[in-house]
Amino acid sequence: MIDEKMRSKSIGPFVRQVKPLSPHMVLFVLLYVLSISVFFLTVSEAVCNLQDRDSLLWFSGNVSSPVSPLHWNSSIDCCSWEGISCDKSPENRVTSIILSSRGLSGNLPSSVLDLQRLSRLDLSHNRLSGPLPPGFLSALDQLLVLDLSYNSFKGELPLQQSFGNGSNGIFPIQTVDLSSNLLEGEILSSSVFLQGAFNLTSFNVSNNSFTGSIPSFMCTASPQLTKLDFSYNDFSGDLSQELSRCSRLSVLRAGFNNLSGEIPKEIYNLPELEQLFLPVNRLSGKIDNGITRLTKLTLLELYSNHIEGEIPKDIGKLSKLSSLQLHVNNLMGSIPVSLANCTKLVKLNLRVNQLGGTLSAIDFSRFQSLSILDLGNNSFTGEFPSTVYSCKMMTAMRFAGNKLTGQISPQVLELESLSFFTFSDNKMTNLTGALSILQGCKKLSTLIMAKNFYDETVPSNKDFLRSDGFPSLQIFGIGACRLTGEIPAWLIKLQRVEVMDLSMNRFVGTIPGWLGTLPDLFYLDLSDNFLTGELPKELFQLRALMSQKAYDATERNYLELPVFVNPNNVTTNQQYNQLSSLPPTIYIKRNNLTGTIPVEVGQLKVLHILELLGNNFSGSIPDELSNLTNLERLDLSNNNLSGRIPWSLTGLHFLSYFNVANNTLSGPIPTGTQFDTFPKANFEGNPLLCGGVLLTSCDPTQHSTTKMGKGKVNRTLVLGLVLGLFFGVSLILVLLALLVLSKRRVNPGDSENAELEINSNGSYSEVPPGSDKDISLVLLFGNSRYEVKDLTIFELLKATDNFSQANIIGCGGFGLVYKATLDNGTKLAVKKLTGDYGMMEKEFKAEVEVLSRAKHENLVALQGYCVHDSARILIYSFMENGSLDYWLHENPEGPAQLDWPKRLNIMRGASSGLAYMHQICEPHIVHRDIKSSNILLDGNFKAYVADFGLSRLILPYRTHVTTELVGTLGYIPPEYGQAWVATLRGDVYSFGVVMLELLTGKRPMEVFRPKMSRELVAWVHTMKRDGKPEEVFDTLLRESGNEEAMLRVLDIACMCVNQNPMKRPNIQQVVDWLKNIEAEKNQNNREEPEEEEET
């Protein structure tokens, strides 16, 4: 052992002074440093718990992100990985995973169950899917915060005891957020996890598909709860009084469900409650005065229920209220005077009730924070309340549909933020004064004053409007006021106006051409006036209707509040409509206009609706109308138009309504595309029209351009007709003889040598041998289930009776479909393609070969094809029961034959066929034109998707939509109007519309009013929002005992038609959901909702 003294002495010189190190000493120091580094490196590698690391690697292997992939590497300490945190214990266990908004897709693997110390898991706002692992919630028994919101997790919650790690039955979980997923099933009181979540403070499962009753037992198991959100699900039954046991509850949200019964009075004993959100249910009863005990309440929203009675008189005790929305109920009485004590109100909506009395008793001046005030569609009387002019923060106010009197006061100018103001359908007077004052509202963008100021004269002087008047006005409506005078010249100064409604007045004079100079005007209604003269050509220079780019550039920054701007349709009930949904439109119907329809109308290529009915227009229908490729409605009825209906109008693929009744038109009605679907009544009143839906033959002599004298016969003409008839018959006989001979010369094994030319009109004639023509043999694929080995064009023509009109069984975007009956009795469906498709013709053979390989039990099989000169023919399986459209809309007895099990099976079959196209078939196929007429039914009503793949076949998300292939009106996804790209999610939207057709029995365009577009979808959303989902169902399906299943399907359909394509499910999800819905009768008879009338 070395003596301490000697040791001190030996190292003393080294400490006291620096001497050059010997080589041996340098080597020693380097080795020492290296060993220390290796030691710390080994320690570093050992920081991450190996079991946790493996679990995380397994997790990363199950997820992916094209946007922001995880860069987790086993060579790096997992505690340093992005989104991962570890504790400070010797084991260095993972305690936190935070990977929100990373674009992750894939499943959540069961490996996360091995993270035994995990206290926080946040995977929100990703694209994760699939079920949650069994035992997931109870296995993670250290979890404090769980956030899986905004994903696509499906299935039931794994709420039972884990089969993995044990638990003492107590879970420290504090926050659970599973909102905005696809979860379903009931939340039962037998849940081990929820029964043991004593410290739970926040539980959010909104925007899923949970069923059963609200799990009120949670208030007993988790007395610390402060937030419960069950909104946007399918919960049913009553609200339980057990919810009152959540004594600390500050937020209770259960809106947009199927809850019924009364609001339990016990809920009004929750002293901390700040938000009570229960709209769009079927709640009934009265609002008990005990609600005034909720003195901390800031939000009370009970709209779209069946609540009746009066608003509690002491409502003013809720002095902290910022949002009070009780609209669309059956409330009666007057607005309590005490409401003025709710001085913090920002939103007050009492629209569509049965409230009455005068408004002057309410001191609105105390609402200094009020921004939105909606008292429309009640029965308020008396003077217009002047105290509203003191609400300095007001941006929108509606008093429409009441019985208010008086005049607009100059005090309205004190509302400097006012943007939306409508008081239509009241008894206001002094239009000139109102316009003089309101033009000073600098931010006013929407002004609707319809059905007021009766029989007054509109100020017409151009100088009436100041140079700075109405600087922001975009929506202007003074319809149905019976105003007199001419169209006021000062309107030319409204340079930002987009929507103008002057209908149902008594305006005289001519339509001023300067209307066509308003740069943003896309919606003009001059209907039901006494206007005379001709249509000015300048009117058809509206920039917003000439260019899609100009139309898209309109600002549309007005407030999105529902309005009624259609007073001229007195035969229908008033309906609320979003201003942004108004289609590009010109209504000039029922006036006294004369002259011709200017050819300049063809410049308005953005126009969706053109209605000129009920005038005295003469001349012909301009062929230039065919340039309006977005046109949906064209009504020229009740005029003096003559000549023929332009055949070019058949190219308007969006056209869903066409009416030329009661004119003097002549000649054949165009056939093909939508013209085969327009009703006969839309062509009546034109004695010289023939063909088409009139089913009358067109006699060439009947429409001769040479006018015959009375009782006289032109002998030259008769001689010419006789000679022509003689030579025509002779030529036909010769051709028939040649065809018979050619048929006899063709042996069955040499049928490919038969050469026949198919003309555009469907007739055929022999072609000289040796001519360079394409094959005339019909090529049948190996998947053909028919015993037909050889089939020639001649036999196909014979089977269709030369494509006779009597054999037409369908009409698609590419041409007509004929029934072909072969000699052996076999029936086929023959689609004869029409038009010039350019690139598609060059690739026709290759594309149909690809289509023939698409084999699925729910796809109409392509049996064969033929290419011959300009003719393109496809051979399909014949479906005995025709199309779904026929059974739903055309056959009067059809809907009754489609009971609920049949309709559900049709949805299941069609969705399966579409899923095959989207996910299995190679290349994937975007259908582009899913509609009820493209879903065919066999003899057992099994569904088959038809017309698939006739558009260009390329990979998903890269399919450009052309005017020929964009789809059918009513089924077209909204995003197709912004980016002309067909997508898989676009198909899902269209299929959602088909589902709504099956549920409602209505056409996609059947319920819309002249100023609304694609309204089956909007109508269904409105009915759901107003708490009346059962009322959308086909009356033939109601009270069938299947209401629960139908409501589930309705929810699925509504997800499919979501305006945001990214929020739509994929078609496989739809298939899975539909498979889980049973059609048997529901034993729980649902209470029928009361009729609600929205005036």
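Every residue, even glycine, has its Cβ placed from backbone N, Cα and C.
Features reported for this protein in Swiss-Prot:
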type     : residues : note
CARBOHYD : Asn165   : N-linked glycosylation site
CARBOHYD : Asn204   : N-linked glycosylation site
CARBOHYD : Asn207   : N-linked glycosylation site
CARBOHYD : Asn258   : N-linked glycosylation site
CARBOHYD : Asn341   : N-linked glycosylation site
CARBOHYD : Asn377   : N-linked glycosylation site
CARBOHYD : Asn430   : N-linked glycosylation site
CARBOHYD : Asn592   : N-linked glycosylation site
CARBOHYD : Asn616   : N-linked glycosylation site
CARBOHYD : Asn627   : N-linked glycosylation site
CARBOHYD : Asn640   : N-linked glycosylation site
CARBOHYD : Asn714   : N-linked glycosylation site
MOD_RES  : Tyr876   : phosphotyrosine
MOD_RES  : Tyr916   : phosphotyrosine
MOD_RES  : Tyr971   : phosphotyrosine
REPEAT   : 223-246  : repeat 'LRR 6'
REPEAT   : 247-270  : repeat 'LRR 7'
REPEAT   : 495-517  : repeat 'LRR 17'
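Feature annotations (Swiss-Prot) mapped to structure.
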{"residue": "Asn207", "record": "N-linked glycosylation site", "contacts (Cβ under 8 Å, 6+ apart)": "Ser179, Ser180, Asn181, Ser231, Tyr232, Asn233"}
{"residue": "Asn341", "record": "N-linked glycosylation site", "contacts (Cβ under 8 Å, 6+ apart)": "Gly316, Lys317, Ser319, Arg366"}
{"residue": "Asn430", "record": "N-linked glycosylation site", "contacts (Cβ under 8 Å, 6+ apart)": "Gln407, Ile408, Phe453, Glu456"}
{"residue": "Asn592", "record": "N-linked glycosylation site", "contacts (Cβ under 8 Å, 6+ apart)": "Phe530, Leu531, Thr532, Asn615, Asn616"}
{"residue": "Asn627", "record": "N-linked glycosylation site", "contacts (Cβ under 8 Å, 6+ apart)": "Gly602, Gln603, Lys605"}
{"residue": "Asn640", "record": "N-linked glycosylation site", "contacts (Cβ under 8 Å, 6+ apart)": "Asn616, Phe617, Ser618, Asn663, Thr664"}
{"residue": "Tyr876", "record": "phosphotyrosine", "contacts (Cβ under 8 Å, 6+ apart)": "Val817, Leu828, Ala829, Val830, Lys831, Val860, Ala861, Leu862, Gln863, Ala946"}
{"residue": "Tyr916", "record": "phosphotyrosine", "contacts (Cβ under 8 Å, 6+ apart)": "Ala854, His856, Asn858, Leu859"}
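Long-range contacts of the repeat 'LRR 17' (495-517) within the same chain, counting only residues at least 6 positions beyond its ends with a Cβ under 8 Å from a Cβ of the stretch, are 448, 450, 458, 471-487, 489, 523-542, 544, 554-556, 565, 567-568, 579, 582, 587-588, 593.
In the structure as shown, the Cβ atom of Asn258 (N-linked glycosylation site) sits within 10 Å of 22 other Cβ atoms. Within 10 Å of the C-beta of Asn377 (N-linked glycosylation site) there are 26 other C-beta atoms, taking all protein chains into account. Shown are the glycosylation sites Asn204, Asn616; the one with the most C-beta atoms within 10 angstroms of its own C-beta is Asn204. Per-class residue totals from DSSP over the repeat 'LRR 6' (223-246), listed helix then strand then coil: 5 helix, 6 strand, 13 coil. The helix, strand and coil residue counts that DSSP assigns across the repeat 'LRR 7' (247-270) are 5 helix, 8 strand, 11 coil.
Under the DSSP three-state reduction, Asn204 (N-linked glycosylation site) is assigned to strand. Asn640 (N-linked glycosylation site) falls within a strand segment according to DSSP. Calculated from their C-alpha atoms, the gap between Asn258 (N-linked glycosylation site) and Asn204 (N-linked glycosylation site) amounts to 18 Å. Sorting the repeat 'LRR 17' (495-517) by DSSP state (H, G, I as helix; E, B as strand; all else coil) yields 5 helix, 6 strand, 12 coil.
Model confidence over the repeat 'LRR 7' (247-270) stands at 95, taken as the mean pLDDT rounded to a whole number. Looking at Asn204 (N-linked glycosylation site) and Asn377 (N-linked glycosylation site), their Cα atoms lie 35 Å from each other. The DSSP secondary structure for Asn430 (N-linked glycosylation site) is coil.
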